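Participant: Below you will find the structure I want to go over with you.
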Amino acid sequence: MAMMMGMEGEDEEGDEDGVVMMDDGDGEDGKGKGKKGGEDDAKAEKCDGGDDDDDDDEDDELDPAQLHFVEDENGPTGSLGVGLLTLRLAASIKRNPELWTEKREGSLSDLFPRDSKSVRSLPPWRCEDAEIQSALDASLDDLRNVGALSPRDVEDVRERLALVVRYNVLSVETSPELFSHPGESGHTPLSGAGLYPLASFFNHSSRPNVSRFAIGDVAFFVANREVKRGEELCISYVEHELLCEDEGRRTGALGMDFRDLDADGSGDDDGDGDGEDGGANEMEVDEDMPRWGPVVDDDVQRELMAQEDVAARLEEIEVMLLRSEGKLTKGAIRNIKTESAREIAESYLDHDDEGDDDNGNGNGGDNGNG
């Protein structure tokens, strides 16, 4: 079972507190989201949509930017998105205690952190929004009045629930909507945060063998290549829309180093004991490539969304991508059909040609080979 929130208007009956049911099967095994331990032989699962009968929660619309985790210099704090999701989960556990007390592989209570020892190894979690944290404290205290929960169960929920959400939550966007619409005025009903317990057992890798995508609050996990028996299933560190980009751009966008380690964490994949991987995982990065963000940033997105002609908008995006890859040539411009996109392409070439040498050889020219 999984909670989904921040998805305003995802069903016509106005139930904002949707619960997503995942197919039963052999897919509980795996590794707990790259955190601590786990089992092998995971299977990719499809999450089936479901309904929740909780109509008491307020309709909270989240800015996707609020879904990121926050570390305050005065101590760890948690994001509003995680706080709201935890609050809704607490309400669901009150209505249906078996969500927590059912002890089986892949259940909510089986997610990391799984015990007090693991909890003590982590920084404490509190929501950055004091009002939400106060409501969460009250909701967790109220679990003491649930007869089906023992005092030990209640203490377990109070100690672990927020951390379970914090370390297992996934951002959920319908197709590439998060990337094709401006952040401030984008389609927030199509994005949110979800907790999918079975999916939380996938590990992470820079070379994933499982792709994930969502339609509303229904998440799909699909093997993207042949998976051998006993091979660990891994999802990507980044959203699937960025997987087509080269490693340099992905790394620049996220500001992190994708370097797979071997089983003992030494990084010595070639087994010669020198702590190096023999170059297998070293990235070939174009030094001239911008490493600080995507080609289409928020400002450009706003300009694109003001373009009412969809065909022109798509060609303008294509022009930007071609330029970023050094493939924008006079020959490529001849294939552009819309006037606005052609004007943008020509202005890019004129700008790039300013850096050409006397022979006309530069980043933007095609040297007559068009």
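Glycine too: its Cβ is placed from the backbone N, Cα and C atoms.
Residues or ranges marked as region 'Disordered' by TrEMBL: 1-76, 257-292, 345-370. Look at TrEMBL and you will find 8-27, 50-63, 263-287 tagged as compositional bias 'Acidic residues'. Look at TrEMBL and you will find 28-49 tagged as compositional bias 'Basic and acidic residues'. Positions annotated as domain 'SET' by TrEMBL: 125-238. Look at TrEMBL and you will find 361-370 tagged as compositional bias 'Gly residues'.
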Participant: Provide the three-state DSSP residue tally for the domain 'SET' (125-238): helix first, then strand, then coil.
Facilitator: 45 helix, 29 strand, 40 coil
Participant: Average the per-residue pLDDT over the domain 'SET' (125-238) and send me the rounded value.
Facilitator: 85
